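Report on one structure; see the data block that follows.
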Amino acid sequence: MKRILLTGASLLLILAGCTNAATDKHSGEQSKEHMQMQHDENMDMDHENMEDMEDMEGHMDHDDIPSLKASKGTQELSLPPLLKKQQGSDFDYEVVAQEGTTQFFDGTQTKTYGYNGNLLGPTVRLKKGETVKVKVRNELNEPTTFHWHGLEIPGSEDGGPQDEIQPGKSKIVTLKADQPAATLWYHPHPHELTSEQVFKGLGGMLYVEGTDQDSADLPKNYGVDDIPLIFQDRIFDEDHQLNYDELMNSDGTIGDVSLVNGTLHPKLTVTQPVMRFRILNGSNARNYTFRLSNGASFTQIASDGGLLDEPVEMNELTLSASERSEILIDFSKLDSDEPVAITDEKGNVLLPFDLDFESKATKNSTVSWIADEPFLTKEEKDLPVSKEIELFGMMDKVTINGQKFDPNRIDFKQEKGVSEVWEIYNKPDHMGGMIHPFHIHGTQFKIISRDGKGPAPNEQGLKDSVLIEPGERVKLLVTFPEKGIYMYHCHILEHEDNGMMGQVEVY
């Protein structure tokens, strides 16, 4: 889709027309319609709802979610290094899953996992249209996979649970970045081990860079005015270790310790007036609602799969597990005497900023674009639903369409290049249900509607993961550009490991 650049007065007119409706995405309160649907479902409670009521004791209620401890701002934010190309090899890059240790707390080395290091991994940058060979190697003492989350590649290269690499083994995968410029990521995906491996530190950013973002004249100096932010929560045992077996929760392991790019108590020194932040919710299960501590607005420019149809002024941004968003903050418009930080919805400081720049904002803060065609055509909106998916349950009782994941079962089939409408229903249970972040491998889809209403402006962009409230029905326009077998699942990693996952074969 083409986007038309706008500057100056044209941009001001667009921004003046923005309303808080665009910033109200999933505040956490259910609509009356959702509550009525939930009541109706509860009145028709079946035997599944009543089964194993003793499991309720271990279920984490929304009110029980621990608050994050505020950052003290004592450590400069760590920035993932850029992955360098190999010279003189039969592959372009190498990514190694390995064990290590990280000092989060004084005097203690915490055992962690990382890619090419102790914790998290380097940022992989691909040019749009580029094809590269990546050697992936497993130096863990357990199987793993390398999943390229959001990349539209053949199922054989996707790194789902069907593609395990045993300890000490390696393989070469071919990645072709044939899609719009976007902020993606990579992480492990071995069935029943994903949640623990991510919890211990495996994950990294993956950028597709292209002319569509270059033409928008966005900040793009990595580590200077273009900053990756991986938000994660963790819980440590009394020895300051990530003892997953002791600490895990089957409804999603949620901690009270906030890490950004693996940094405890981070701060960021801002050296440019306009900053671009590529935000990833890399947590196992926590949902984040991000705000600025001084109440100022910011501009969302991209979602999971690339640029939005047009920038959207926001006062808060909600991301469920695995979702990404790109935002611009013009610090030159803020009161330099007032502290500013990224906070959560409770006001807990996640990332404080130290402002250290002299110049005022340049054209980067006044350049925008609009799409030259509708986000959804009438034909796309009118397509009938061809695939229905029901998410249900809690803890180890989670299912999709009443079934748990079976690697030997193909749940759906879809033809390559043919658009279909998937309707995802988050069926409430007797406890009210949970938010489920729903992810599809191998595609960037469009949100058609939420409970019959069109997507908010900040959801009018390509997505691969979508937050779905209890009782909500979300329609997606799904097109697979490549062939293969792909997963679709809840991205609460414990739910995924417990079988809330299915397979679609694209032929």
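Each Cβ is built from the backbone N, Cα and C atoms, and glycine gets one as well.
TrEMBL has this to say about the protein:
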DOMAIN    98-211  domain 'Plastocyanin-like'
DOMAIN    236-333  domain 'Plastocyanin-like'
DOMAIN    384-506  domain 'Plastocyanin-like'
SIGNAL    1-21  signal peptide
With helix taken as DSSP H, G or I, strand as E or B and everything else coil, how many residues of the domain 'Plastocyanin-like' (98-211) land in each class?
10 helix, 49 strand, 55 coil
Using DSSP, how many residues in the domain 'Plastocyanin-like' (384-506) fall into helix, strand and coil?
11 helix, 57 strand, 55 coil
Do you know the DSSP helix, strand and coil residue counts for the domain 'Plastocyanin-like' (236-333)?
7 helix, 49 strand, 42 coil
